[in-house]
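Trainee: Below are the structure tokens for one structure; questions will follow.
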Amino acid sequence: MANLMMLRLPSSLRSFSVSASSSSNGSPPVIGGSSGGVGPMIVELPLEKIRRPLMRTRSNDQNKVKELMDSIRQIGLQVPIDVIEVDGAYYGFSGCHRYEAHQKLGLPTIRCKIRKGTKETLRHHLR
């Protein structure tokens, strides 16, 4: 069995383990930040854990999605998507093309920059 790297994740995801060799971007998952875990964390999240509330109102440029799929296949994801964590739920508002490229490639996880937010923060992004 491959070496598994257990990440320090929010309690709602502690049962997940991520293999560095199966990272969607070809590099080991990274956690924490220069602020010792107080600021944003960079982690691989399962796609199904990320809610995309704006997907119904926006469409992606399919040429851009295809270009990203090719790039991700060749060199991995270079820029994590931004995710807001509110009460244990994860909401993605940026990285729509990168998210769809991961879906179409059949990748189970995507590298995310997670920031804590409040319900008010969430309402602000939904406007």
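Each residue, glycine too, has its Cβ placed from N, Cα and C.
Found this in TrEMBL, in case it helps:
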| type | residues | note |
| --- | --- | --- |
| REGION | 18-39 | region 'Disordered' |
| COMPBIAS | 18-32 | compositional bias 'Low complexity' |
| DOMAIN | 43-122 | domain 'ParB-like N-terminal' |
| BINDING | Gly95, Cys96, His97, Arg98 | ATP binding site |
Trainee: With a 10 Å radius around each C-beta, find which of these binding-site residues (His97, Arg98) has the fewest other C-beta atoms nearby.
Mentor: His97
Trainee: Which one is it: of the binding-site residues Gly95, Cys96, which Cβ has the fewest other Cβ atoms within 10 Å in this structure?
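Mentor: Checked Gly95, Cys96; of these binding-site residues, fewest Cβ neighbours within 10 Å: Cys96.
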Trainee: Beyond Gly95, Cys96, His97, Arg98, what residues of that chain have CB atoms within 8 A of the centre of the ATP site's CB atoms?
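Mentor: Those within range, site residues removed, are Asn60, Leu68, Ile81, Ser94, Tyr99, Glu100, Ala101.
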Trainee: Across the domain 'ParB-like N-terminal' (43-122), what does the pLDDT come to on average, as a whole number?
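Mentor: Mean pLDDT, the domain 'ParB-like N-terminal' (43-122): 92.
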Trainee: Which residue counts does DSSP yield for the domain 'ParB-like N-terminal' (43-122) in the helix, strand and coil classes, in that order?
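Mentor: Per-class counts: 31 helix, 24 strand, 25 coil.
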